[in-house]
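**Student:** Here it is: the structure, laid out below.
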There are 2 protein chains.
Amino acid sequence: MSETPNLPLPAANRTVFFVSDGTGITAEAFGHSVLTQFELRFKQVRLPFIDTLDKAHDATRKINEAFQVDGKLPIVFSTLVKTDLSKVIQQAKAMHMDLIQTFVEPLENELGVKSSHTIGRSHNSANSEEYKNRIEAINYSLAHDDGQSNKNLADADVILVGVSRSGKTPTSLYLAMQYGIKAANYPLIPEDFERNKLPSGLIPHKQKIFGLTIAPERLSEIRNERRPGSKYAALVNCRYEINEAEAMMRREGIRWMSSTTKSIEEIAATILQDIKPEATIF
Amino acid sequence: MSETPNLPLPAANRTVFFVSDGTGITAEAFGHSVLTQFELRFKQVRLPFIDTLDKAHDATRKINEAFQVDGKLPIVFSTLVKTDLSKVIQQAKAMHMDLIQTFVEPLENELGVKSSHTIGRSHNSANSEEYKNRIEAINYSLAHDDGQSNKNLADADVILVGVSRSGKTPTSLYLAMQYGIKAANYPLIPEDFERNKLPSGLIPHKQKIFGLTIAPERLSEIRNERRPGSKYAALVNCRYEINEAEAMMRREGIRWMSSTTKSIEEIAATILQDIKPEATIF
């Protein structure tokens with residue numbers, strides 16, 4: 001990663017549209033991963049819920065307007081399941097990247113089955129089993145945040161441990177929200193290090209524990225934003241806590257990873273590989 | 001949505017791989033939206049963090065093994081930025097859907113710029129400004145969940161209101177996590193209806209309020225899972241609360257939507273359209 005993160009990129013003077021018959025989250029996530037390959041800034045417009053011909057014509061008009069203003073072809077990332085909607089959008093003067101249309105036809109040939117071209121059959125849809133599990137997991141992770149409750153720890157898919165501000169809470173919520181994983185989290189605090197033992201509520205569930213650690217310098221930075229100049233945030237204290245936490249995890253045979261340079265997506269995906277390497281069949 | 005949600009789909013006896021040099025979240029989200037167009041179940045395997053030639057060869061071996069076992073070409077959704085890694089995966093006997101390679105080259109031509117082919121330049125990367133905003137938003141939303149605090153409501157991007165269990169908490173967290181939106185949420189409770197007034201802490205921030213409502217039947221179902229047979233969960237009580245909440249929102253001129261058949265992704269994307277129609281420039 002040889003990037004220079006805070007240097008402003010030159011503006012491309014070009015508009016990017018994310019067009020979808022649903023939330024547009026996939027079109028946007030995909031568009032971002034492609035666009036970040038270019039050292040340019042783009043103006044970006046989300047057009048979600050384009051699920052009627054009228055809305056498609058409206059979207060087409062907006063894309064054409066951007067072409068008029070920029071004098072350059074807009075870039076359109078779209079996930080449109082219905083061919084008639086996709087055809088309307090394709091009329092816009094733009095560079096089109098239609099994710100669904102590009103890949104669905106070859107898949108139909110390979111699978112020997114026609115696709116349903118139905119909007120909203122996503123497994124995010126609010127009445128699916130998978131969706132209910134995700135909501136239940138979010139509630140579970142919230143109720144078991146920061147060692148709030150030892151109750152029902154037997155139901156946890158994973159229990160994250162680590163010192164305060166090592167990234168446990170956002171990772172737990174992300175695991176629940178994205179993957180439906182019931183993730184409890186439990187802080188390791190100075191009292192645990194003095195007793196030289198894991199919190200007693202965790203001992204029966206040791207197999208499910210996953211540890212997070214973090215570089216003391218980074219931890220001190222994060223804690224200083226919360227409580228500037230405190231003992232809690234002091235580098236010497238962060239070093240002590242991290243040393244003790246890592247020693248404890250090593251001694252107890254707990255799997256762990258460092259969150260220092262990782263995003264919550266990366267931490268969550270790594271933990272998931274460890275606890276549940278295969279996705280579920282659907 | 002004419003689907004029959006709980007009917008098990010026939011098994012395709014075919015393995016789908018999500019291969020990525022990062023978390024694989026985009027490959028998987030995209031793969032799901034394509035695959036749900038087919039009335040078939042697939043075995044699914046995530047292969048994230050494929051960022052070296054060794055790992056790519058390993059992944060290729062796994063894909064070939066699945067071909068041996070299934071007797072059918074596996075389907076590979078991949079987001080691989082580096083051409084050499086992508087070439088290794090392409091050697092696997094599979095149907096390949098390489099998202100990046102398919103779209104990056106045409107974009108290079110249109111933009112007149114070479115792409116960087118650099119892994120990890122995603123805006124999810126842990127040191128970007130955008131990432132820090134997301135973490136800050138998650139902390140904010142957690143601290144302002146369920147009316148916990150009136151402090152710093154001036155900092156909120158949006159304040160969700162609605163009766164208990166109308167979907168405020170998961171939506172707030174999703175807005176924070178996905179979009180870096182500081183979303184507070186505040187319950188409307190029977191005391192508010194008796195006083196016939198919005199909670200007083202909210203009044204200075206009325207412009208930022210967004211309401212969630214829900215069909216009383218669905219609300220009663222959800223509450224019964226939590227507290228079976230309670231007055232809280234009784235349909236007659238749910239009807240009363242919803243009526244009062246909707247009347248209050250109408251009277252106060254608050255924008256609102258129904259969460260009844262919507263996923264948190266759909267609710268969040270709808271709210272976002274309302275409060276922040278354009279994505280930020282990056």
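Using the three backbone atoms N, Cα and C, a Cβ is placed for every residue, glycine included.
Just so you know, TrEMBL annotations never went through curation; they're auto-generated.
The ADP binding site annotation in TrEMBL covers A:GLY162, A:VAL163, A:SER164, A:ARG165, A:SER166, A:GLY167, A:LYS168, A:THR169.
Each of the listed features needs to be described in terms of its position in the shown structure.
**Tutor:** Sequence-distant neighbours of A:SER164 (ADP binding site): residues of the same chain at least 6 apart with a C-beta under 8 Å from its C-beta are A:PRO187, A:ILE189, A:ARG223, A:TYR232.
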**Student:** Counting Cβ atoms within 10 Å across all protein chains shown, which of the binding-site residues A:ARG165, A:LYS168 comes out on top?
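**Tutor:** Of A:ARG165, A:LYS168, the one with the most crowded Cβ is A:LYS168.
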**Student:** Would you kindly determine which binding-site residues in the set A:GLY162, A:ARG165, A:GLY167, A:LYS168, A:THR169 have their Cβ under 8 angstroms from any Cβ of chain B, listing them in sequence order or replying 'none'?
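**Tutor:** Near chain B, the qualifying binding-site residues are A:THR169.
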**Student:** Around A:GLY162 (ADP binding site), how many other C-beta atoms are within 10 angstroms of its C-beta?
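**Tutor:** By my count, 27.
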**Student:** Other Cβ atoms within 10 Å is the metric here; tell me which of the binding-site residues A:SER166, A:THR169 scores highest.
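**Tutor:** Buried the deepest by this measure is A:SER166.
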**Student:** Around the recorded ADP site, report the further residues of that chain (criterion: Cβ within 8 Å of the mean position of the Cβ atoms of A:GLY162, A:VAL163, A:SER164, A:ARG165, A:SER166, A:GLY167, A:LYS168, A:THR169; site residues excluded), sequence-ordered.
**Tutor:** A:ASN185, A:PRO187, A:LEU212, A:ILE214, A:SER259
**Student:** Show which residues of the chain containing A:GLY167 (ADP binding site), separated from it by at least 6 in sequence, have their CB under 8 Å from its CB.
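**Tutor:** In sequence order, the residues whose Cβ lies under 8 Å from that of A:GLY167 (ADP binding site) (at least 6 apart) are A:LEU212, A:ILE214, A:SER259, A:LYS262, A:ILE264, A:ILE267.
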